[in-house]
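Here's what TrEMBL has on this protein:
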BINDING   GLY509, ALA510, THR511, GLY512, GLN513, GLY514, LYS515, SER516  ATP binding site
COMPBIAS  271-296  compositional bias 'Acidic residues'
DOMAIN    492-696  domain 'FtsK'
REGION    1-23  region 'Disordered'
REGION    270-312  region 'Disordered'
TRANSMEM  43-64  transmembrane segment
TRANSMEM  108-129  transmembrane segment
TRANSMEM  141-164  transmembrane segment
TRANSMEM  176-199  transmembrane segment
Amino acid sequence: MANRLKADKAEKKKPAKSDSFKPEKEAQVTVKQLVKDERTHKIAGAFSILISLFLFIAFASYLFTWKEDQDKVFRGAAILLPAEDVKTTNLLGNLGAYMSHLFFYKGFGAASFMFCSLFFVMGVNALLGAKIFNLWRNVRYVIVSLLFFSVVFAFVFRGGAFAWGGAVGNMGSDWLVRMIGSVGTAALLLLGGLAYVIWRFNPVFKAPTLAKKTPEPVKEVVPAVVIKEEKETPVVKPVGNKLKDGLGVLKKTPIADPEEEPMDLQLVEKDGEEEEEPWDEEMEEVEEEEEEEEVPVEAPLVTGKNGRKKPDPAQLELEIKSYPEVDQPPIPVEESKVEPVISQEPYDPSLELRDYKFPSLELLELHGSERIIQDPQELETNKNQIINTLKNYDIEIQKISATVGPTVTLYEIVPAAGVRISRIKNLEDDIALSLAALGIRIIAPIPGKGTVGIEVPNVKKTVVSMRSMLSSEKFQNNSFSLPIAIGKKIDNENFIVDLTTMPHLLMAGATGQGKSVGLNAILVSLLYKKHPSQIKLVLVDPKKVELSLYRHIETHFLAKLPGEDEAIITDTKKVIHTLNALCIEMDNRYDLLKEAGARNIREYNEKFIKRKLNPQKGHQFLPFIVLVVDEFADLIMTAGKEVEMPIARLAQLARAVGIHLIIATQRPSVNIITGTIKANFPVRIAFKVSSKIDSRTILDAGGAEQLIGKGDMLISYNGEITRLQCAFVDTPEVDSICDFIGTQEGYPQAFFLPEYVDEKQFEGKELDLEDRDTLFESAARMIVTSQMGSTSLLQRRMKLGYNRAGRLMDQLEAAGIVGPSQGSKARDVLVKTEADLEMLLNDIG
Ligand SMILES: Nc1ncnc2c1ncn2[C@@H]1O[C@H](COP(=O)(O)OP(=O)(O)OP(=O)(O)O)[C@@H](O)[C@H]1O
């Protein structure tokens, strides 16, 4: 330390004789050391403050006593000598009178008060050992003010007896009057003063708008609330629109998609408006300066004149009406007025990767002809066989129709009057046996139809290419938050749904039946529709090969634990950590939502985009997180409850905060797909499984054992079981998509999940400052900068679990940075400035 001036070396050299009992000797202290010593600084600081006070009192007193003392102080410094018997009336005696005379009369007049402020600033900085005030700025101000005001005072009070401007002021004023005359001097000084005020405060000069009629919403925008809101977030200005619309380039969905989109499998929903909506706006940051705080208020007017960004009135009105409730809670009236301003400058989460290009459909292949092959011969044979078989069981048919799908054909039968459908259901196995064909599934009755369905595999099957699914109208123009193209139904309708409405997905199937292809289809759908800022994937792949292709997109789309090399998790221990980290992320997100008064991620992000949430308080745009586990059985076998519990917790609660799970398993037995898991995964997919029991475990119904493999699947969705042919995307296609994305500029690193620390590691450990948490210093800085001793703030900002954040807080308390816990209230922050903190951190080393 600088203030430790005892010389250790000199002491060491001394023999341990009688000398050792002597007190330590003062070492030679050089002037340089003395000047650097902090005690010297403190003394100088205190002295400087004292001078400032002294001058202030003396000057103030001088204002009243100058007349009486003037003839005495004219005698000069002699009045300070002991021999002189002179007594002045200044409150601070002869010295006070003399100094005031010096500063006022011979110096700068009343402007001399500026010296008090200068000494005060220097004193405070030196005494506290921190740059509380910017010294050079103050010196500049003082010099300019001394010169300016002394001249102004001298000019204004010309001819007065009191030295308002002092010698310097008089000199300046006289010179100016000689040069440009009195009027010129007055004008010049006025201009000088005005120029300073304009430069410093940049006031708004408004020409009276007599004839102009400003549109109402813009006029309403001025209330104080707007200024306050915009103050908290950096102001950004949209300057362009980059939405691409050409062939082969997919349109993006808006970030704040409606989460509760009703699922209608029959209707292809098109949202024409979406194509026109600007999405990816280039934005440029405007420097945040106190003086420019009014810019947001003026912004709509200014940008309104800019041809590119001027919203037409209809659009404005639409925006106001579209979010009436979101703005309600705090101050309904003001908020609705605020709306038009904010919506003009929304936050753009894609800004950081504004040049990101979505993969084009050219990267996908068409696997064979997309045309469904209808073989009339085959249809006729099957029809006859069905009729004959049923006749054998005394079941008469009224009508039979066929729908040819990509893999199977559905024969729909209307039984003759009097035939009970339950009878056909009971004969299901016998009929299947008689038809002697693989993959027959009988649906009796077809829900909502009162007919019986018999699905018979086609001899020639059609591969459903991912490309045809993604180029479909339904995929391109939907308003789903997380659209996934799964496959084609028997009637050739594309099965495209919103993952957020599922909200989680369980997938099972024996080996080689199409699970991995199914997972790829889902992931590819998401990659085609989502910007890297909108979604993050957590990939768990115990088999180590299935998902490894996605490592190329790590910095774009993957999330991982801090400090991990690999983003794709293959190790069971790390899976447990990751799942727990996701639970922490979920809890943190719930805190954010609560604070924002939002019910789900959609509302939250909407508010964030509209800049209604302050990033300083830990708010940020929340991307969706999709956890994909390929081979869940392996994990459950090795880690059991440790995996099951966090998965169940996430499945129960994570939907509202935008975390969705997709879990695949080869072994759909009851000890793997437990009741807890099943209860929380309402949507389940079954590829071909080896037994009816397995089928029941997944779907609560048989049938999956009769599928024919190669992506033939059943999905239990909304209480209905539908047969689909899964979309096919081959490994090279996935590879080229990942390559295409991977070669583009990504974020500096993968998205970090909160750090999860196994509490067992800390058990029994004493709180020891020597053994501080690695995040101690960053936590200390964050707490001191924000001056909020809140554990939940630490949790959110640093993405920590409650326990770790709590431990950090205890360590900060032990280090004297925050005060003791005060229950639900935030702790007091004892260190007030960053400089103090740096000193403290240095001290505790
Ligand atoms: N939707 C599909 N359309 C056409 N063929 C498919 C489809 N899905 C899978 N296949 C065929 O089945 C093969 C095996 O599929 P996949 O690798 O997805 O099986 P899996 O269930 O993941 O197997 P494992 O559990 O052993 O990894 C694929 O290589 C492909 O030839």
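Cβ coordinates are placed from backbone N, Cα and C, and glycine is handled just like the others.
Where the annotation comes from TrEMBL, it is an automatic prediction and has not been curated.
On the structure: features taken from TrEMBL.
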{"residue": "GLY509", "record": "ATP binding site", "contacts (Cβ under 8 Å, 6+ apart)": "LYS515, GLY518, ALA664, GLN666, PRO668, ILE685, ALA686, PHE687, LYS688, VAL689, ALA704, MET713"}
{"residue": "ALA510", "record": "ATP binding site", "contacts (Cβ under 8 Å, 6+ apart)": "GLN666, PHE687, LYS688, VAL689, SER690, ASP694"}
{"residue": "THR511", "record": "ATP binding site", "contacts (Cβ under 8 Å, 6+ apart)": "GLN666"}
{"residue": "GLY512", "record": "ATP binding site", "contacts (Cβ under 8 Å, 6+ apart)": "GLY709"}
{"residue": "GLN513", "record": "ATP binding site", "contacts (Cβ under 8 Å, 6+ apart)": "PHE687, LYS688, VAL689, LEU707, GLY709, LYS710, GLY711, ASP712"}
{"residue": "GLY514", "record": "ATP binding site", "contacts (Cβ under 8 Å, 6+ apart)": "PHE687, GLY709, LYS710, GLY711, ASP712, MET713, CYS726"}
{"residue": "SER516", "record": "ATP binding site", "contacts (Cβ under 8 Å, 6+ apart)": "GLU546, ASP630, ALA664"}
Long-range Cβ neighbours of the transmembrane segment (141-164) (under 8 Å; 6 or more residues past either end): 66-67, 104-105, 107-112, 114-115, 117-118, 170, 172-174, 176-177, 185-186, 189, 192-193
Beyond the flanks of the transmembrane segment (43-64) by at least 6 residues, Cβ under 8 Å: 90-92, 95-97, 99-101, 103-104, 112-113, 115-120, 122-128
Coarse DSSP state, helix versus strand versus coil, of THR511 (ATP binding site): coil
Long-range Cβ neighbours of the transmembrane segment (108-129) (under 8 Å; 6 or more residues past either end): 38, 41-42, 44-53, 55-56, 59, 100, 135, 138-139, 141-142, 145-150, 153-154, 163-166, 168-169, 835, 839
Same-chain residues at least 6 beyond the ends of the transmembrane segment (176-199) whose Cβ lies under 8 Å from its Cβ atoms: 148, 151-152, 155
Taken over the domain 'FtsK' (492-696), the model's mean pLDDT: 91
Output field, ATP shell: CB within 8 Å of site CB centroid, site GLY509, ALA510, THR511, GLY512, GLN513, GLY514, LYS515, SER516 dropped: GLN666, PHE687, LYS688, GLY709
For SER516 (ATP binding site), the three-state class that DSSP assigns: helix
Number of other Cβ atoms within 10 Å of the Cβ of LYS515 (ATP binding site) across all protein chains: 24
